[in-house]
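Pasting the feature list from Swiss-Prot:
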type: BINDING; residues: 54, 56, 111, 134; note: Zn(2+) 1 binding site
type: BINDING; residues: 58, 59, 134, 172; note: Zn(2+) 2 binding site
């Protein structure tokens, strides 16, 4: 199996999972068709399944054109969604089977209300796999366009509970921007400073900073560290200044999210 990031727009990644024996390819959140079609053509692969995490156009805009090229495409997307192009709709607890890999569907509302993620404990490249759209990023999380802090905190808890070695394939290259905020929020965190330098080096060489892992995000990502003393202290100081609620894990998360929104 190969997982390949196809760049789209200015900072999207369209993840393509290919069975190298058959050439069959699963595509996650194709916001644009052309870069995917070019990749498939250049590689000699063919698309047979699309996974949609949520309805935003930069995740769904290429579906119709891909379907025109591959009329038998299975298009999997969330139920009760503004996106109406799915041939198969799924919700939390459902399974999607592709080329011997079983993906469990997780409900992760917050960024949008219809947001889902796809997790498989079938190891690809020696790791379980998570396609999480815009819920979790490297050192960040999705902005709350539709959901509440309580919903997003619960969704991130769901992802945080996955095995530490789970490879996290998010949909955007936001890492350096996220790290600028994280370093501002936690200026004494030496691990963040070291990680920022490593990510700058990757980007200077044209390399993606994704995938990350659940374990790495638990150590570094301020949006997952609501029980970390350093993050709690920063959140309480911020909450006092901005008259926000304190005293719970969700309140810590909400303070960090509020801080990022106003950074």
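In case you wondered, yes, glycine gets a Cβ from its N, Cα and C as well.
Note that the structure is predicted; figures quoted are calculated from it, not measured.
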What is the interatomic distance between the Cα atoms of residue 172 (Zn(2+) 2 binding site) and residue 56 (Zn(2+) 1 binding site), given in whole Å?
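Cα-Cα distance, residue 172 (Zn(2+) 2 binding site) to residue 56 (Zn(2+) 1 binding site): 13 Å.
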Neighbour count, 10 Å Cβ-Cβ cut-off, for residue 59 (Zn(2+) 2 binding site): what number do you get?
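Excluding its own Cβ, the number within 10 Å is 25.
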Identify all same-chain residues not among 58, 59, 134, 172 whose C-beta atom falls within 8 angstroms of the centroid of the Zn(2+) 2 site's C-beta atoms; report them in sequence order.
12, 29, 31, 54, 56, 133, 171
Which one of these binding-site residues has the most other Cβ atoms within 10 Å of its own Cβ: 54, 111, 172?
54
Among the binding-site residues listed here, 58, 134, whose Cβ has the fewest other Cβ atoms inside 10 Å?
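Relative to the other binding-site residues in 58, 134, 58 has the fewest Cβ atoms within 10 Å.
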What are the sequence-distant neighbours of residue 56 (Zn(2+) 1 binding site), meaning same chain, six or more residues apart, C-beta distance under 8 angstroms?
112, 134
Any idea what DSSP makes of residue 172 (Zn(2+) 2 binding site), helix, strand or coil?
strand
Check the DSSP secondary structure of residue 54 (Zn(2+) 1 binding site), expressed as helix, strand or coil.
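Looking at the DSSP assignment, residue 54 (Zn(2+) 1 binding site) belongs to neither helix nor strand, so coil.
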